[in-house]
Amino acid sequence: MHPTTGAAQLVEVRERVEEILVPKYVEDSRPATQQKPKLFEKYDGAQLLAYGVPQEWLADVKAADEDSLLELADHLPGEAAEALLELATGGTPALPEVAAKGADPFQHPDAQCRFRVMSDMDELVRALEYPWDQWTVFLHPAQRQLVERHYNGAARVSGSAGTGKTVVALHRAVHLAHQDEDARVLLSTFSDTLANALRGNLYRLIWNTPKLGERIDVAAMDALGIRLYAAEFGKPVFASCDEISTLLEAAATQVDGLKASAAFLLSEWEDVVDTWQVESWEAYRDAKRLGRKTRLPEAQRALYWQVFAKVKEQLKQAGKITAAEMFAKLAEAMPKRKHPVFDYIVLDEAQDIGVQQLRFLAAIAGNRANALFFAGDLGQRIFQTPFSWKSLGVDVRGRSRTLNINYRTSHQIRLQADRLLGPDVSDVDGNVESRKGTISVFNGPEPIICSYTDARAENQAVGVWLEQCSTGGVLP
């Protein structure tokens, strides 16, 4: 039991056998090497103990420098290693909870990362029957706090790749279903492939309580939209991108004085007119056109609107819609329902949600507590131009948290990647995701940096390396 925190720990005990030799002193002619600074020299023993460092390792920690820290971290309990790595990178780790006098050391949150106390033989048998994949969705205590917290409004969990955002989303959905036995929970993401992966992980998580899964609906956003639209309005008929592009080009030829490429017309349609569901000349004239690099004066906008208005009318006459229009109509329909289609919504990969999709989710959630929970990383945004969530009624200020323990990337790879990334990422509403203090939980080899004259040489080198890995028994 740790003397300060009261948590049960697994502490590596070292024994050393030394052969005592009579020293022979000779003059060393080598130049003196400059010692690297000790990272934790300014911290006294009580401070280090408060972070969970075992008494037996205090001297080693005090002597650690940047070269020895990563190796040392492998020998320490997880909470101590995480705290030291955060201190070394300029962060201020939260102090572990101190157990009350006489409290069970195995019930401490840090101890529960390592120990599972069984109350009877049946519980032990159930634990031994857990599939291995089920253990891969285990929660860190810091993650569990976010999963089980009560939120008065929309909440968002962020963090770089490998920090466990998807695991948090899965557990949040299960937690909400557990807490409210009558609730319908939506667990969603932006593609069918990711939705299938979520579904598989959810089944692993609730394998021994399968009925819980009957109240958790896992679906990609578009698939969900099509299903609900069909129930509200009938099966949607979508206009393809090629069809819209053809209509835009044809309409443009009928507008005198308009000089625009087909690519620009389509991108203006997709990023402004369709995304924001612009329905009038006044709305298009005043649109902010976020993310668009080409400025359009009012006179030019008037010409473009003639094209867009004609295409919108043609689509209406053909009975065809776009995905954005589908979600816009659903957003109007959801508040009119007597009961919400879902009580709680958990969205993974939230950085790629679209404007009308967010409006749709906000319309389902209303102003209910715990109704919206997002997991995502602004640094991994792929498909969406940034836009204000707050302007659409989704305000996560004060309810946004960043995960900073990386389970997928080694210290060495993460440190190399950190050189290429800014320490902070912010959204349009001013919410800041700080990357400072992110730590990894395992070591690995140093990254090898290679430069090549062109892409072809690079591809060949990567091919050779992959063949070497395959020959060496590395699985794909």
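Glycine too: its Cβ is placed from the backbone N, Cα and C atoms.
Features of the protein shown, as given by TrEMBL:
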- 138-422: domain 'UvrD-like helicase ATP-binding' (DOMAIN)
- GLY159, SER160, ALA161, GLY162, THR163, GLY164, LYS165, THR166: ATP binding site (BINDING)
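DSSP assigns LYS165 (ATP binding site) to a helix in the three-state reduction. Same-chain residues that are not part of GLY159, SER160, ALA161, GLY162, THR163, GLY164, LYS165, THR166 yet have a Cβ within 8 Å of the Cβ center of the ATP site turn out to be ASP377, LEU403, ASN406, TYR407, ARG408. With the fewest other C-beta atoms within 10 Å around its C-beta, GLY162 stands out among the binding-site residues GLY159, GLY162, GLY164. When Cβ atoms from all protein chains are considered, those within 10 Å of LYS165 (ATP binding site) total 26, not counting its own.
Mean pLDDT, taken over the domain 'UvrD-like helicase ATP-binding' (138-422), works out to 90 on the 0 to 100 scale.
Here the binding-site residues are SER160, THR166, and the one ringed by the most other CB atoms within 10 angstroms is SER160.
By neighbour count, meaning other C-beta atoms within 10 Å, the densest spot among the binding-site residues ALA161, THR163 is THR163.
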